[in-house]
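Below is one structure, written out as structure tokens; comments come after it.
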Amino acid sequence: MQSTAAVSISASAIASGGGGARSDAARRPAGLRVCGALACSSLRISRAPARRAVARAAAAASANGAAAASGGFDYDLVIIGAGVGGHGAALHAVEQGLKTAIIEGDVVGGTCVNRGCVPSKALLAVSGRMRELHDEHHMKSLGLQVSSTGYDRQAVADHANNLASKIRSNLTNSMKALGVDILTGVGTIVGKQKVRYGKAGFPDKEITARNIIIATGSVPFVPKGIEIDGKTVFTSDHALKLESVPDWIAIVGSGYIGLEFSDVYTALGSEVTFVEALDQLMPGFDPEIAKLAQRVLINPRKIDYHTGVFASKVDAALIATGRAPFTKGLGLENINVVTQRGFVPVDERMQVMDADGNVVPNLYCIGDANGKLMLAHAASAQGISVVEQISGKDHILNHLSIPAACFTHPEISMVGLTEPQAREKADKEGFEVDVVKTSFKANTKALAENEGDGIAKMIYRPDTGEILGVHILGLHAADLIHEASNAIALGTRVQDIKFAVHAHPTLSEVLDELFKAAKVNSGVSHSVNEPVAA
């Protein structure tokens, strides 16, 4: 059993960036509770050539508003929630010719854009620059001299806020350009294919839709007994505003959120104490990767930690214990749907299930609200999958092919199963598992950057060549993981992908060497195309 201890963390150590020295050991947390995590992909808005984009947008907008939705409904599709998942579903729906509306009670972009992965990446960009400039040995090895470094806290905070505003505007404009109706208010399901929405001080409106998608996302999870005041005890929502940089800060939880904020705070001069309820740091990561990450990201920095303890009282800390679904007030009781720990129950096609275990026709739930995989890009992929289904094309998303990343310096990324998960699956199903690894220290581009810390690890089946999981810690790991995730999504086997050509010298050769190191049993066929003479 884990021990439980009351914890009191001094608020004075966290109150301001220019305050006193670090709190002594007696004032540090003796126990708290942790959880896993959220990781959001950075959002990329691509732009096609101007004429083509304008023509396509005009055509889609015309199609979306040209006529009433089929079957006498107001819309073919109504989406409740305009985060990354709802946005992705809306754009794909218009592309499929569906008359679409999206309801948003707060601001377009949801958690990811406004209080999550987008502003956090802005802070992490600053922490990466600061960390590099402060590393005198690293700079000297490149022949560079830096006399002094510093930062303007408010300017850093403004950078994060401005980025969020820009991406929010991009998302809003993209939906407007395609003719998606953006309806402001809180959406509630009042019956079969009926939604009511409205905001305080205004009369509610009711609309009908052939199909409805719930995409209401999540909020920070706060363990019972912890009171959030937004100043001395706060969540990632508050931390992203960077209203202060304390001399010392306790972070409750060592998952993606806590790890990224430790990177930011230590780069800006803070000392950090992690408090983790489980018996190891970074419990959601592959154990071998977590062990190496601790050696690279924790031990050399001004970070100490307590594991296997539970916080029952907190006076000053960043609470980074994961996310909780935001599903209250949706009117699910009106259609006999009961949430499970707050999550909306769904099947493999994201169709909502009622209290009797039956599919609720024409109702879907995507993203953090269903709890299948709490990542922004997973929500978007689920939304696109749902639109494919309601357009008459059956589609089931392979969640094991969806990558995740932690944007520390260096980065961590993963897709598929961890080694313990793969071995457990192998034991149950009766197949063998092999593991291969490559090091960034053998990669020319990494050595040119003097960034040789890191490994890539692949778990696979030697009898078939199936890739079960890939885990990377190292320079630009978040970008490198997609070759592996796409291979899993497309069913590409090791014996096929090892013939792919990678530019030299690039970091992609880390994965090239990884694939080539895998040994598939003799006699296993591959499907590489015959070369074509040029």
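Cβ atoms are placed via backbone N, Cα and C, with glycine included.
The record in TrEMBL lists a disulphide bond between CYS117 and one of CYS35, CYS112, namely CYS112. Across the domain 'Pyridine nucleotide-disulphide oxidoreductase dimerisation' (402-513), the DSSP tally of helix, strand and coil residues reads 42 helix, 29 strand, 41 coil. Cβ neighbour counts within 10 Å, taken over all protein chains shown, single out THR216 as the most crowded of the binding-site residues THR216, SER218. Taking CA atoms as the reference points, LEU259 (NAD(+) binding site) and LYS121 (FAD binding site) are 13 Å apart. A distance of 39 Å separates the Cα atom of HIS504 (active site, proton acceptor) from that of GLY253 (NAD(+) binding site). Our reading of the FAD binding annotation (LYS121, GLY187, THR216, GLY217, SER218, ASP368, MET374, LEU375, ALA376, HIS377) yields a largest Cα to Cα distance of 30 angstrom. Other Cβ atoms within 10 Å of the Cβ of GLY255 (NAD(+) binding site), summed over all protein chains shown, number 25. Considering only the binding-site residues THR216, GLY253, GLY255, ILE257, GLU276, ALA376, the residues lying within 10 A of CYS112 (disulfide bond) on a C-alpha to C-alpha basis are ALA376. Of all the recorded positions in the list CYS117, GLY253, GLY255, ILE257, GLU276, the shortest Cα-Cα distance to THR216 (FAD binding site) is found for CYS117.
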